[in-house]
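Over in TrEMBL, the protein carries these features:
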BINDING   SER246, ASN278  Na(+) binding site
DISULFID  CYS84-CYS92  disulfide bond
TRANSMEM  41-62  transmembrane segment
TRANSMEM  159-182  transmembrane segment
TRANSMEM  188-205  transmembrane segment
TRANSMEM  271-293  transmembrane segment
Amino acid sequence: AFLIPYAIMLALAGLPLFFLECSLGQFASLGPVSVWRILPLFQGVGITMVLISIFVTIYYNVIIGYSLYYMFASFQSELPWKNCSSWSDSNCSRTPIVTHCNVSIHGTEMQVNMSWVHANNFTCINGSEVYQPGQLPSEQYWNKVALQRSNGMDETGEIVWYLALCLLLAWIIVGAALFKGIKSSGKVVYFTALFPYVVLLILLIRGATLEGASKGISYYIGAQSNFTKLSEAEVWKDAATQIFYSLSVAWGGLVALSSYNKFNNNCFSDAIVVCLTNCLTSVFAGFAIFSILGHMAHISGQEVSQVVKS
């Protein structure tokens, strides 16, 4: 059901604003701040665009740092988050955990917890087990090893040095890509634009072969869609937010990049191609992601909706 407001917001907000920014930058051949000389009253809009880009870049590069850490951590014969290890606790399990079961005590059947069963050397009656979902090793690895998450906001904890180095590397990569301005970034974009499609295709093929993948894809395409949610403003807000993020509208980057276009370039066709490609890529990525989420739901004994929320 989310695809409906997503497509509508793309047509009514994303595409028009994308075309407006591209045409404005191409016509004036100026950046997001200088372009508003045409109407000084709105020059604050350009300044705000730059500030938004700065703020988003600061936290978005942290995500890139996480990705770099996992890339380096995966260079092992066995992924460190594949199984529970010394860093995990008793809730760590790839399958649902038995918490209670029925035992026979002097001919009377009683339900007891598993710690009592193990302490008294009893055996559970077959079929009487009560399960609860365990925390996947990957989830505990993320919290306990990668992030070293503290117990709350009042505990800042120590700087995780390997994440700090990965963040530094992310900024070095950004600086190298922009070192010579449009000349260097124009060459880098051939890799940054095409390589994600290769990764998505690999993830989709791998995800589709996993057990439980069909469950996640069914959830994604709307087997459990609730169309009554279309009347909720929150759904439309989320759709608009996703469009603005994926198209980078109102960040100033579109104005800056289009300022390098030739004056007679057909930016309208560019806007249509980019917006449609972006939309289709998001849908394609959804299949890859939800096939894996379906597998996670299968091995953890949870519903896909619960895995998505966690």
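Any Cβ shown, glycine's included, is placed from N, Cα and C.
When Cβ atoms from all protein chains are considered, those within 10 Å of CYS84 (disulfide bond) total 19, not counting its own. Secondary structure from DSSP puts SER246 (Na(+) binding site) in a helix. Counting Cβ atoms from all protein chains shown, CYS92 (disulfide bond) has 20 others lying within 10 Å of its own Cβ. In this structure, the CA atom of SER246 (Na(+) binding site) is 35 Å away from the CA atom of CYS92 (disulfide bond).
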